[in-house]
Amino acid sequence: MELHEIAHARAKAWIEEMVALCAPDTVYVCDGSKKEYDTIMQKMVDAGLATPLKKRKNCFLFRSQPSDVARVEARTFIASKREDDAGPTNHWTDPAELKKTMTGLYSQCMKGRTMYVIPFSMGPVGSPISKNGIEITDSEYVVCNMHIMTRVGTRVLEALGTDGEFVPCLHSVGKPLGPGVTDAGQWPCADMERKYISHFPEERLVWSFGSGYGGNALLGKKCFALRIASVLARDEGWLAEHMLILKITNPAGKTKYIGAAFPSACGKTNLAMMIPTLPGWKVETVGDDIAWMKFGKDGRLYAINPEAGFFGVAPGTSDFSNKNAMDSIKENAIFTNCGLTEDGDVWWEGIGYPAKGTIIDWHGVSRPAPTRDKSPKGEEIAHPNARFTAPARQCPAIASNWEDPEGVPIDAFLFGGRRPSTVPLVHQARDWNHGVFLGSIIGSEVTAAVISDQVGQIRRDPFAMLPFCGYHMADYFSHWIKLGSQARAENLPKIFCVNWFRKDAEGNFLWPGYGDNSRVLAWIFDRCDGVDNAVETAIGWMPKEGALNTEGLNVSTQAVKELLSVDIAGWKKEIKDIRENHYPKFGARLPQQLRDALEVLEARINGSEGAACTRDMC
């Protein structure tokens, strides 16, 4: 399709305006075909940017610049009209000033390059929960990744018609080329101080400049699907969440759907693709990262995965930790900043086996292959944030209804962080507002391996949305409370807090995790059916003695008791930290319901309310 053939007048006018600003050599409107993908990928191979992998069919390896390896939160802006609306957790800048600065950067930024126009749908095309966008980019890497991560092409333009709503997303690597000049194998990006990932919430607009990395450049992902979509969800009465969606079926053939929000490094993708150790139980994947949810006609929350692929962290992914992910990336995948073995395969730390002979690291330097699947810190073969991009349909565990345009009905929400102490293996909120409270306080404890002067402190990441909420986080809490108040309690998902990362006094994990997390999911499954397998404690409902299936589990009775106990001293410290360090950040906009929940927790912990007490729980 040619630009002049686009029937949507507003989209066409915007694209033409961006062509005049960015001055590309040519303009190409993406049709979403396999031929298009193959042609553009070959262009990158010819330019020395992509390396075909001999061991994997239709797979390619890319290496970025060391300055362009991850999301850059310090260069990520929420440019709301009022600073207060961005809130304390976002970087705000004046939208008029930001546009002026970025317009200067965009001026002729695509000289020597092709401007690609990518019509894309977040979610199945035509779904009542889906939204459309158009990304303009000068990066072939972005085009090919968007082919995998979203639904791209002519069918999206057809769905838009002549006046459909869309989110405009402008992206440039910020590296124009002179006559006859190519990238010559060098990943194109701008210097750090010229990188901008900017969101204009009231305009539903994303502008990104200077980075080619996934989260900064694949604008359908965090920029649209979370930061802009969270604003849309607030205004339209739905939820856009940093959540996996899994389908779980018990031995009797009954199915439920669970949404789970965890901060980074807490095993979200592993849980979404889990292979249960409990006989007869089955877990299937609907999504591993983002969930969009709207209330259905029956009053229940229905969720879609707005993405079409997985953009996963490679290091640590192995047949042991996530076999389904490993099977998903055997073909038709893109790898970024991984090692390259001498026989033409990718490799990373934690892959489960050593490489042989020599290996090329993510810097492009040839080195002796490690004798184990580990490397000293700072000498990694693969960057710690090395990534794979793969179509979701290739996952062996993908649910047959993962693309149902009506979504799947959510029965439970899980919140959790990486907490070596205090927070038990699982507990259930007493009601919706208590669940919102639990979501608002999740986080991970800083360990000695991270930042030494903060050891023991809790790095809070409410709802795992800290880097992704497009407006004031306190208003986000209020939005959750409001949605709960508008629904019948029996229609709302039950809310649970989980913690796979409790440790004993010697620093050893008490819980094996991975497939054995199915034991916790089985208890949650039964709780959603109202099974009487819980006891009320000071912090919420917890498994009765013997309610958690530990058959065949190599965990001592004492460890299980510790995992399912309420640490009174730990919770008193937790309450103090929330009251003094966490909640004050949100000021007067913090919902009173959350202040009340904290008071109730303190009263229960102090024993002033007669919570039922068993097994040293309270």
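The count begins at 1 with the first shown residue.
Using the three backbone atoms N, Cα and C, a Cβ is placed for every residue, glycine included.
Feature annotation from Swiss-Prot assigns active site to Cys266; the stated evidence is sequence analysis. Cβ contacts within 10 Å of Cys266 (active site), excluding its own Cβ and spanning all protein chains shown: 22.
Cβ neighbours within 10 Å of Tyr213 (substrate binding site), excluding its own Cβ and spanning all shown chains: 25. Taken from Swiss-Prot, the feature substrate binding site applies to Arg71, Tyr213, Gly214, Gly215, Ser264, Asn385, Ala386, Arg387.
If you look up Swiss-Prot, you'll see Lys222, His242, Asp289 marked as Mn(2+) binding site, on the strength of sequence analysis. Here Lys222 (Mn(2+) binding site) comes close to Arg71, Gly215, Pro467, Phe468: these same-chain residues lie at least six apart in sequence, with C-beta atoms under 8 angstroms from its C-beta. In the three-state DSSP classification, Lys222 (Mn(2+) binding site) falls within a helix.
Around Asp516 (GTP binding site), the same-chain residues six or more apart in sequence whose CB sits under 8 Å from its CB are Thr277, Leu553, listed in sequence order. The GTP binding site feature in Swiss-Prot is assigned to Ala265, Cys266, Gly267, Lys268, Thr269, Asn270, Arg387, Arg418, Tyr514, Gly515, Asp516, Asn517; the stated evidence is sequence analysis.
Each residue contributes its Cα atom, and for Ala265 (GTP binding site) and Asn385 (substrate binding site) these two points are 11 Å apart. If you compare every pair of Cα atoms in Arg71, Tyr213, Gly214, Gly215, Ser264, Asn385, Ala386, Arg387, the residues listed for substrate, the longest distance is 17 angstrom. Within 8 Å of the centroid defined by the CB atoms of Arg71, Tyr213, Gly214, Gly215, Ser264, Asn385, Ala386, Arg387, the record's substrate site, lie the Cβ atoms of Val69, Ala70, Phe311, Val313, Thr336, excluding the listed residues themselves. Of the residues the record lists as binding GTP, namely Ala265, Cys266, Gly267, Lys268, Thr269, Asn270, Arg387, Arg418, Tyr514, Gly515, Asp516, Asn517, the two whose Cα atoms sit farthest apart are 26 Å from each other.
Cβ atoms within 8 Å of the centroid of the Cβ atoms of Lys222, His242, Asp289 (the Mn(2+) site) belong to the same-chain residues Lys221, Ala225, Leu226, Ile290, Phe468, site residues excluded. In three-state terms derived from DSSP, Tyr514 (GTP binding site) belongs to a helical segment. Of all the binding-site residues given, namely Ser264, Thr269, the one with the smallest number of surrounding CB atoms inside 10 A is Ser264. DSSP assigns Thr269 (GTP binding site) to a helix in the three-state reduction. Spatially close to Gly214 (substrate binding site) yet at least six residues away along the chain are Asn145, Lys221, Phe311, Thr336, Arg387, Thr389, judged by Cβ distances under 8 angstroms.
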